[in-house]
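If you check Swiss-Prot, you get these features:
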BINDING   46, 53, 54, 55, 99, 102, 107  ATP binding site
BINDING   199, 213  Mg(2+) binding site
BINDING   264, 321, 322, 323  substrate binding site
DOMAIN    9-244  domain 'ATP-grasp'
């Protein structure tokens, strides 16, 4: 689950991570009124969407007067902001964050992530702040420093100071930076985060260490422990199909292709998409129905896939372990009838009760194209979609 920058900064502030003063606004008039509450001569007007790259896309403006705040607010509100993370359609700006300007001396990057190679939380930092960290990793990887954190001990003060030294934080601000990083680590742990990232972290002319950005992703599996965080969810920023999928415990991510995929298991789903790509097709989604799919789940999965107007065919790839192939087959038949499917459909079943599952599909009288293997199924659906 993602949240807006201003919500992330409220969490930071509550846990001792230093941030500039700011206010959220939903209209240009409100933006001016909120700006009046800030003790500053420089205002930063920030578009609030669930995507990075807002600054480069024109979503962050520096205002030197209240009239400029109003001008920029009118310019941004209602705008479709297109960044490298939104896709060409962009995202509509519906709220703004009005923040105090500050005397920036230097920008840095810091982030806490989970390193799958070490199975540990890792602190990453660089003095190349304000730049996409992926770009830094590609061009100057030597400028990225890491500290692997012992889960028993947590982020040690010496690790925090070492990172601060390595990224050339001014000596007089080292202790403040170390305290800042330890507080940021506490946010990661106590809020069950999957990512906590600040780009940029800055040092100021007054010797302060501040977070000028706040990117926080939460572990969806831990949200039941954080009712307050659940309330921060902005459904308008999410794909309606993904919201609907979550109601039925389906893992769905929309993509840009035209072949809908329904698979059980994340690994098989990834392999299925790779195989479709290998044979010249383009997956329209990632959809994992999980290990306990029912007829109702399968029907809803079909409805969600068909909610994408770009879909021209569907590939169902099921390996029945805990989940039985005959149950899936019954669900497919019921779903195809209910949604009155007219698009090409290829189904590959393997595993428990597979022969009975195939019989159910064959006896249904529906236009379902069977496949014996994943490769065969991918080839068939790519061919059918291209011919459609």
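Think of each number as a place in line: the chain as shown, counted from 1.
From the backbone N, Cα and C atoms, a Cβ is placed for every residue, glycine too.
Sorting the binding-site residues 46, 54 by the number of other Cβ atoms within 10 Å puts 46 first. Summarising the ATP site geometry, the residues cited as binding it (46, 53, 54, 55, 99, 102, 107) extend over a maximum Cα to Cα distance of 20 Å.
Residue 46 (ATP binding site) sits 10 Å from residue 213 (Mg(2+) binding site), taking the CA atoms of both as reference points.
With a cut-off of 8 Å between CB atoms and residues at least 6 apart in sequence, the same chain places 5, 197, 198, 199, 200 near residue 213 (Mg(2+) binding site), listed in sequence order. Looking just at the domain 'ATP-grasp' (9-244), the mean pLDDT is 93. Ranking the binding-site residues 99, 107 by how many Cβ atoms sit within 10 Å of each one's Cβ puts 99 at the top. Binding of substrate is attributed in the record to 264, 321, 322, 323, and the widest Cα separation among these residues amounts to 11 Å. Neighbour density at the Cβ, taken as the number of other Cβ atoms within 10 Å, is lowest among the binding-site residues 102, 322, 323 for 322. Candidate binding-site residues: 54, 55, 99, 102, 107. Nearest to residue 321 (substrate binding site) by Cα distance: 54. Each residue contributes its Cα atom, and for residue 264 (substrate binding site) and residue 99 (ATP binding site) those atoms are 45 Å apart.
Straight-line distance linking the Cα atoms of residue 53 (ATP binding site) and residue 323 (substrate binding site), rounded to a whole number, equals 42 Å.
Per Cα geometry, 55 is the residue among the binding-site residues 55, 99, 102, 107 nearest to residue 322 (substrate binding site). Distance between Cα atoms for residue 55 (ATP binding site) and residue 323 (substrate binding site): 47 Å, as a whole number.
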